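Asks: Pasting a structure below so you can have a look.
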Amino acid sequence: MQRDDGFTLHKTYLDRDAQTGLVDAVLSRVGRSPLYTPSMPRSGKPMSVRMTNFGPLGWVTDKAQGYRYQTTHPVTHEPWPDMPQVLIDIWQAVAGWEALPQACLVNWYGEGARLGQHVDADEAARDAPVVSISLGDSAKFRLGGPALKDASTSMRLDSGDVVVLAGASRRFRHGVDRILPGTSSLLPEDWRPGRLNLTLRRVN
Ligand SMILES: O=C(O)CCC(=O)C(=O)O
Ligand SMILES: [Fe+2]
């Protein structure tokens, strides 16, 4: 589905084998660069989504310093693992943007986790598309417009789907209302129920 505002949903962009290969690449890196619990700026309220990153830069947040990109993991202080090549291949196939992604945010949604409506706005490269890959349990994704008052539409993101926020939609509000536990058998059993989302971004 491609909309004239630059939003594209590529249904089942990755077949089952490609998804399995990507999960292996992701989980081996998560072993070295563990998920941490981010907290909101100022309030310090913990987020329900757990996170890590791959690539030269990673998006992090905490009470003291708020939203930002940095080169190291906030807990281990190690550099982020390299970005799996398959993610760069996906970017080159769907982003329509010559410069390569610099950050892959890994979001882990366990049962009950959600991500409130927001605009991705921490990148100096504000026109470069955002590419987002879903693995594991399905999610209810909500896409609004640029303003709070704009109507929003809910859509289901399934394992293997790839979303591109380009053009005007790059600055649209969006979030994850909930995951649908038990809708996928892709992830290893100790990762179920759950959803992994990989968000590729150009930062500067
Ligand atoms: O998990 C998703 O599908 C969306 C993630 C997202 O919007 C973000 O990380 O900024
Ligand atoms: Fe986002």
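Residue positions begin at 1 at the first shown residue.
Cβ atoms are placed via backbone N, Cα and C, with glycine included.
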Asks: Given that TrEMBL lists His118, Asp120 as binding Fe cation, which residue among His10, His174 does it place in the same site?
Replies: His174
Asks: Would you find the one among the binding-site residues His118, Asp120, His174 whose Cβ has the most company, meaning other Cβ atoms within 10 Å?
Replies: His174
